[in-house]
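Database features, via Swiss-Prot:
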type     : residues : note
TRANSMEM : 7-27     : transmembrane segment
TRANSMEM : 37-57    : transmembrane segment
TRANSMEM : 77-97    : transmembrane segment
TRANSMEM : 109-129  : transmembrane segment
TRANSMEM : 162-182  : transmembrane segment
TRANSMEM : 233-253  : transmembrane segment
TRANSMEM : 272-292  : transmembrane segment
TRANSMEM : 297-317  : transmembrane segment
TRANSMEM : 323-343  : transmembrane segment
TRANSMEM : 369-389  : transmembrane segment
TRANSMEM : 402-424  : transmembrane segment
TRANSMEM : 446-466  : transmembrane segment
């Protein structure tokens, strides 16, 4: 049994969120509707405390709970990103949810529950812990997707996500059972030992199903079909959350399981990851070109970006993992900044989502147009912004691993994808002005400015960031 001081030292963020959820449920049950506003503030406070415990807490590595949970530099890095994504999504959505009269006290609780599942998922070192974390994350997401019950599109989005999510969970569970049957253990290190020097066809089949289940959570091709409809139909703060935190958790556990459990069959899983990466980059680049709704465009953009991130994982090296970590951190900043701008798209108190509504924004809301243009240039990978260095990291790792065709395809897809990002900049700066947007709330303006500055300054002062990704990647090997 793990001693209590060790548990407190290495699983404190999870304990804070778990205890906080119970406390918030109790407050909500007692105070009812009167607790709607304070609940969000309390949830933000809990997420902030969890971030501080990770940043300021112990830096040693420990395995807890009979080998099913690990606290290492890799996990801490990804957990900080997930918590930041959840915290900013909650902050950005508070005014929107109140305006739409859906600011129920259950919303921040569901965000916290989903985030707790993500933290468990990132630290999982066994198939059972992986499945428990994944389901805790997913069950809350199903409800959040359909949180706007009076909106038909939101209800449709929630139903689609639930049905396809249940299918993907079944595939993952079937893959886990195959792996357990052929390896004789559910622990990642035990699986690696069982596969040492031997390749079992049954394990490879299990890995395919396991990867399919995780690919659904990452919204990569061919398990992406839910993404555009859910992103468009769900409330915009929910879409911002979907586009950030769950993807980080899913790609984190994918990296952990491939590097630690299946290192012995790297050529086999490398082919799977390369296949998913190429399809995701291609679809994300080409399918977004014809989109007119900016939330659907961001859905295809996220599919493409996950494909680019998987280029680093396909390399299967420490440099590749470092590239993925850097890519996901930069992707998080760009995504949150873009959704802060999307949430600010309101005309006479009504939300608008069409790209044409951004016409002439530079003349009506110049500062908003400037920072949104920075996000678009960075998402397109234009140097010297952070998005360029994100892609450079993963393509460099692919070249070092002699995956030249993958790197070339990635560069070509990035070039094609730049078109629809630059089209938004063109609409904002060169088209005749559409009706002016309402003044953004101070919170959304602050998020847009901070993320914009981060994208600009990351290329100037990369030292601490690169060092953090290096330490995190090294701890996985």
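In case you wondered, yes, glycine gets a Cβ from its N, Cα and C as well.
In this chain, the transmembrane segment (272-292) lies apart from the transmembrane segment (162-182): fewer than three C-beta pairs between them fall below 8 angstroms, excluding pairs fewer than 6 positions apart. Of the two recorded stretches, the transmembrane segment (446-466) lies close to the transmembrane segment (323-343), with three or more CB pairs under 8 Å once pairs fewer than 6 apart in sequence are set aside.
Panel annotation: around the transmembrane segment (77-97), residues 13, 40, 43-44, 47-48, 50-51, 54-55, 103, 107-108, 111-112, 114-115, 118-119, 122-123, 235-238, 240-241, 244-245, 248-249, 252, 325, 328-329, 332, 336, 339-340, 343, 441, 443-444, 447, 468-469, 471-472 of the same chain, lying at least six beyond its termini, place a Cβ under 8 Å from a Cβ of the stretch.
For the transmembrane segment (297-317), the list of distant contacts is 218-221, 224, 227-228, 230-232, 239, 243, 247, 251, 254-255, 258-259, 266, 270, 273-274, 276-285, 287-288, 291, 323-324, 327-328, 331, 335, 338-339, 342, 355, 379, 390-391, 393-395, 397-398, 400-401, 403, 406-407, 410, 413-414, 417, 420-421: same-chain residues at least six beyond its ends, Cβ to Cβ under 8 Å. Counting same-chain residues at least six beyond the ends of the transmembrane segment (109-129), those with a Cβ under 8 angstroms from any Cβ of the stretch are 11, 13-14, 17-18, 20-21, 24-25, 28, 39, 43, 46-47, 63, 65, 67-71, 75, 78-79, 82-83, 86, 89-90, 135-141, 143-144, 147, 176, 179-180, 186-189, 241, 245-246, 248-250, 252-253, 256, 260. Tertiary proximity for the transmembrane segment (233-253) is limited to same-chain residues at least six positions away from its ends with a CB under 8 Å from its CB atoms, namely 74-75, 78, 81-82, 85-86, 88-90, 92-93, 96-97, 100, 102, 111, 114-115, 117-119, 121-122, 124, 130, 133-134, 137, 141, 144-148, 151, 153-154, 156-158, 214, 217-219, 295, 298-299, 302, 306, 309-310, 313, 324, 328, 332, 335-336, 339, 342-343, 351, 353.
Distant neighbours of the transmembrane segment (369-389): 301, 305, 326, 330, 333-334, 337-338, 341, 358, 361-362, 414, 417-418, 421-422, 424-425, 428-429, 448-449, 451-452, 454-456, 458-459, 462; these residues of the same chain sit at least 6 beyond its ends, with a Cβ under 8 Å from one of its Cβ atoms.
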